[in-house]
Amino acid sequence: MFFCILFNYTILRDTKDVLVVTAKGSSAEIIPFLKTWVNLPMAIGFMLLYSKLADVLSKEALFYTVIFPFIAFFGVFGYVLYPMRDAIHPTALADRLLASLGPSFLGPVAILRVWSFCLFYVMAELWGSVVISVLFWGFANQITTVEEAKEFYPLFGLGANVALIFSGRTVKYFSNMRQNLGPGVDGWAISLKGMMSIVVVLGFVIAGIYWGVNKYVIDKTSLPVERKKKNKPKLSMGESLKVLVSSRYVRDLATLVVAYGISINLVEVTWKSKLKAQFPSPNEYSSFMGDFSTATGIATFTMMLLGRLILRKFGWGVAATITPAVLLVTGVGFFSLLLFGEPLTPLLATFGMTPLLAAVFVGALQNIFSKSAKYSLFDPCKEMAYIPLDEDMKVKGKAAIDVVCNPLGKSGGALIQQFMILSFGSLANSTPYLGGILLVIVIAWLGAVRSLDSQFSPLAKQDLEREQKLKAEAVETTAQVVGTGNGSLQENVASTNGTVIKQSQEPEITAPEKSGKQS
């Protein structure tokens, strides 16, 4: 399941950037506005709807209700919306708005100009938040104990992140199809149809595997003991959010997710603006992203092997600290090159590189290392932290954190960038300040990891003791049942044997003694 989900996510993630960044009349500056004013409201709306559905639907029905609309949308986009883009996009209206508002409003106007691409962008982002975080990990958390999670969660990721390698090759294959097509053929439209067909097919495979696992694989009697929640009146959505905010444990978890979103976003948008300058064509851009995804998959696979060892040997706290540390080190390297790259131009020329190409490659390395640390350590650590919570907090807390805090982190980074663009004129001018903000965010992230570790470890210990106690009681009960049955059997055998032994041990009486005794 995880392999198919991540295979789709890699295709969608690479494609969404190509669509909105390389579209005519758009640029990388659309991304901060898109994440803040479109992605975040839709994510909040989804979380509200999901929480309502979670109260009325079974877990299996909820899974299918959520995943099938995604499958339908991506199929319709590839075969209907994209081919009709010229008819459905209000290009003339966008041109008039841009002329009256001025070039500084290129980002917001571009959202209207290419609205169907923006809708695809949001649905692709939601696939990452909803299908990976809520559906898959929620399912895994229902059927896994803390001890099993330490053993198997890194392995889930290890097997699944092979998907990035194969998916990256798939994206590159479809992106290079244009070379084999005749003149006048829209190569990107052909590539898009092929990739969306794969997404739809694998979507049905995911649903089929989920159905099969529930029907034939899961033994309901061997599931982890459900953490019972206290009897309390049913809370409204606002009250539920207040409960989540009032919990220090959930606040720390939310800080982790928001801090990652802001940190990666501060670097990523700047990198993508350099990427468009280097690769202006959709097929070239998409081909590079395919290579990028493959490299991320290889790096993540390697990190996964180390992640399992780190979790078992050093524990949750050390494993959760590695991601912010990696992001801090690589982020400093990227921003340093942007700020002090000009003096290196002659040196770079000896390697056949321009400062722009060097910035693209260093930014790619930064993203590869950050994402591999996220997939191999951050995600398993985050998911393990949910396991000791009661069922109500698991479902609603997880939906609030993963579906809202994830886009909130990205939107927070986007708001910072919007403010910087308006204040300093461009992203390039605000680079030193973005580097300083990144430092502050990562320090706050490290503080939240330390706080959460102090709460998670005792809860995990209690959870382990509870599981061990229940197993011990089950063994003891079995032993008593067997002992009682064997005991009665042994008593009967012993009494019979005693009689036989007693009789055999009596001395043999001779005839005179016998007659004497009788007299």
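Heads up, residue numbers simply count up from 1 along the chain you see.
Heads up, the Cβ atoms here are built off N, Cα and C, so glycines get one too.
Caution: TrEMBL annotation is automatic and unverified by curators.
Because the structure is a prediction, the values reported are computed rather than measured.
Feature annotations, courtesy of TrEMBL:
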COMPBIAS  482-507  compositional bias 'Polar residues'
REGION    482-519  region 'Disordered'
TRANSMEM  30-50  transmembrane segment
TRANSMEM  62-81  transmembrane segment
TRANSMEM  119-140  transmembrane segment
TRANSMEM  152-171  transmembrane segment
TRANSMEM  192-213  transmembrane segment
TRANSMEM  253-271  transmembrane segment
TRANSMEM  292-311  transmembrane segment
TRANSMEM  317-340  transmembrane segment
TRANSMEM  347-369  transmembrane segment
TRANSMEM  433-452  transmembrane segment
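Listed as Cβ neighbours of the transmembrane segment (62-81) (distance under 8 Å, sequence separation of 6 or more from its ends, same chain) are residues 12, 50, 53-54, 88, 116, 119-120, 123, 126-127, 130-131, 134-135, 139, 192-193, 195-197, 199-200, 203-204, 206-207, 210. Across 119-140, 152-171, 292-311, 433-452, the stretch most heavily in contact with the transmembrane segment (317-340), judged by Cβ pairs under 8 Å, is 433-452. With a cut-off of 8 Å on Cβ pairs spaced 6 or more residues apart, the transmembrane segment (347-369) and the transmembrane segment (253-271) reach 3 or more such pairs and are scored as touching. Here the transmembrane segment (192-213) has Cβ contacts under 8 Å with residues 1, 4-5, 7-8, 11-12, 15, 60, 63-64, 67-68, 70-71, 74-75, 77-79, 82, 131, 139, 170-171, 174, 177 of the same chain, all six or more residues outside its ends.
Only pairs six or more apart in sequence are counted, and the transmembrane segment (152-171) with the transmembrane segment (292-311) gives three or more Cβ pairs under 8 Å, enough to call it a contact.
Outside the transmembrane segment (253-271) by six or more residues, the chain places 28, 31-32, 35, 244, 320, 323-324, 327, 331, 334-335, 338, 359-360, 363-364, 366-367, 370-371, 374, 378, 382, 385-386, 397, 400-402, 405-414, 416-417, 427, 431, 434, 437-438, 441-442, 444-445, 448-449, 452 with a CB less than 8 A from a CB of the stretch.
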